């Protein structure tokens, strides 16, 4: 017969709590840095967001399964001082992302990876100092952008997969990206920030181009940029503007004009597919703590082979697959979003009113929610003539409407239109426009 009053074999503390649970709660945690590689395909970014599929959500689920975080810590990451070195947006990947958090000792990359999908891998776990913060301790960040070389083909070359970049184009790309070096106001290269906001001042330490590679008969080029920090869409707009200049849609000077806080420019945003967080740099930390016998350097040189293996297995194939299936570079984003500074827009309003209306109509199917130069029919004059009847010179004679022709030298000189705006090859063949 079973004893109705069995004696518990568990040791209970004076407060009535299970001693094993108390001991579990008292486990001393220390600060660790996790080196993370992931493909952002199918994810809505890195940072955790309630109800959304994110990289961090999968990481936290894995940590909870191996009892690195408890239920409360799972809900509130700040309880374990969780931090990421850099945010990545929807679809953006990382090859050397660094997370920092408090963990118990003895956790290995394999322990965590056993509960993660293949496209997310923890490559290293390293003990760091008590005050380490993966974001604030970071000196700089390096990103790369990989895309087909035909994205930079001159305008008189049809952008085909058989295109191979020339030495002249490569030299031109080095010149263009060189304009970004140093400290500039990048207010036009992001959104939601005012032109004179001090936070728009960003310092670029290095720009470079890797040697082209060929995959499935498509040539790819990779742009590298190292900076202290970057804003939302900054790198994608930087590379998108380089595409626009290289293709011949705008002049070289447009890049430097975009740094002027007095100019408002609508810059092209390149597809997010090829953007990759390459590395976060901890030079100051490594110099101070890397050789103290207790902590290790955070250059992660010891796992470089694993980094490159992940790149070849997940990153490059993903870019190639998406390019072949989705055709990420149709160039419609360049046609509409290439920028003209606001000061130049004011000069163009009267002389190009009808021309721009035709241009807008031509590209409406691509970006119906956007306007190349805003609403060009506003503020042309103060009278009540309907916009669709408004003439460049204010008269009512329909014969005076500039229609179905490019702007000739007489009009440009009369209206003082800047020479760099008047392209020898118009963006739209007006003869074929409706």
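All positions are counted from 1 along the displayed chain.
Placement of Cβ uses the backbone N, Cα and C atoms for every residue, glycine included.
Bear in mind that TrEMBL entries carry predicted annotations, made automatically and left uncurated.
For 89, the entry in TrEMBL reads active site, nucleophile. Sequence-distant neighbours of residue 89 (active site, nucleophile) (same chain, 6+ apart, CB under 8 A from its CB) are 40, 45, 232, 233, 272.
Counting only same-chain residues at least 6 apart in sequence, those with a Cβ under 8 Å from the Cβ of residue 143 (substrate binding site) are 224, 225, 230, 235, 275, 276, 277, 278. What TrEMBL lists as substrate binding site is 143.
Residues annotated as domain 'Pseudouridine synthase I TruA alpha/beta' in TrEMBL: 179-283. Taken through DSSP, the domain 'Pseudouridine synthase I TruA alpha/beta' (179-283) splits into 29 helix, 33 strand, 43 coil.
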